[in-house]
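Going by TrEMBL, these are the annotated features:
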type	residues	note
DOMAIN	5-119	domain 'Tetrahydrofolate dehydrogenase/cyclohydrolase catalytic'
DOMAIN	138-279	domain 'Tetrahydrofolate dehydrogenase/cyclohydrolase NAD(P)-binding'
BINDING	Gly164, Arg165, Ser166, Ile230	NADP(+) binding site
Amino acid sequence: MGKILDGKAVANLLAQNLKEKVKKLKSEGIVPHFCVINIGDDPASKIYVRMKKRRAEKIGIVQDVYQLSADTSQEEALKLIDKLNSDPKINGVMVQLPAPDQIDADELLARINPDKDVDGLTPANTGRLWMDNHFVEPATAEGIIELLKHYHISLAGKNVVIIGRSNIVGKPLAALMLEQDATVTIAHSKTQNLEDLTKHADIVVSATGQAFLVTADMIKDGAIVVDVGINHVNGKLVGDVDFENVKEKASYITPVPGGVGPLTVQFLMEAVVKLTRRQNDRR
Ligand SMILES: NC(=O)C1=CN([C@@H]2O[C@H](COP(=O)(O)OP(=O)(O)OC[C@H]3O[C@@H](n4cnc5c(N)ncnc54)[C@H](OP(=O)(O)O)[C@@H]3O)[C@@H](O)[C@H]2O)C=CC1
Ligand SMILES: Nc1nc(=O)c2c([nH]1)NC[C@@H]1CN(c3ccc(C(=O)N[C@@H](CCC(=O)O)C(=O)O)cc3)C=[N+]21
């Protein structure tokens, strides 16, 4: 039976460490301060924004939330980003996704000053990620890398299948795993015979938002399974993986909740502190 990769515990352990870094900054008169721009009324986004706030407070980081109405124009959102970019008191900026239909989210992301890019999703930082020259990494991908490291799971030479090719999860994770010498396959909704790929994988990561996509018959005995998905089924929070059955076959598996999610939030906080430190050391 598979061992649980306890993302929540690892995130809380890292939070203790980060708190000390924040204390050190505070002794120099610096308080890490970032802003989340949330446009519209997506209920899940509001929950995530609250979770970030909770973790930020625990660590000693100041988080402002700019809650913009669902009918906010592109110009208004761009103006707010420009204002935060040029405010020296603000160390980090992020735009919560998804944004409403009238908003071009890619243009908003591209407007964020790469030196304040908490999510690591600006074109500049995405480029640096693929050139192995990165400073902040997208939090979910970095969280997964650090989770595997915590459990002494090496990526070198491993066959990894990542299901999902989004700019926020699948693609950055592929870059980071490739950098650690894994052989990476990225699957998506047009992939044929997905199980032929996953059956040969040492590590399967699912980031699709499709509950029960990954079943036990798709997994090699002793494989490692990382579940990024967040789905609500009959009022219950589940991932993409049929956890109860897959855990009998896997050597390690992440639960949902309590797996990748808390690490995502933790690594957003890590990014805020790193950016704050660099901005102050450069002055
Ligand atoms: N735990 C955490 O910290 C985080 C969790 N999430 C969750 O992870 C999931 C993915 O998020 P995100 O990457 O933003 O989502 P997107 O919707 O942007 O991307 C989903 C990806 O999954 C692929 N996909 C969808 N259905 C299938 C299928 N049946 N078979 C194979 N591939 C499929 C899509 O393929 P195609 O490109 O062809 O459409 C796409 O590449 C969501 O549930 C989200 O809530 C996201 C971020 C952080
Ligand atoms: N610009 C941007 N950056 C993001 O990082 C970003 C985003 N937009 N949009 C949405 C996704 C999703 N995401 C999650 C964060 C925390 C949990 C999390 O903490 N989950 C808990 C449970 C959550 C619950 O109870 O609902 C867990 O899995 O244990 C999940 C998902 C960040 N995202």
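Keep in mind that glycine also has a Cβ here, set from the backbone N, Cα and C atoms.
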Among Arg165, Ser166, Ile230, the binding-site residues whose C-beta sits under 6 Å from ligand 2: Ile230
Proximal but sequence-remote residues of the same chain as Ile230 (NADP(+) binding site) (Cβ under 8 Å, at least 6 apart): Ala44, Gly209, Leu237, Gly239, Val256, Gly261
Segment-level pLDDT (mean, integer) for the domain 'Tetrahydrofolate dehydrogenase/cyclohydrolase NAD(P)-binding' (138-279): 98
Site with most surrounding Cβ atoms, counting all protein chains shown within 10 Å, from the binding-site residues Gly164, Arg165, Ser166: Gly164
Most distant Cα pair in Å, residues Gly164, Arg165, Ser166, Ile230 binding NADP(+): 16
Secondary structure of Ile230 (NADP(+) binding site) (DSSP, helix/strand/coil): coil
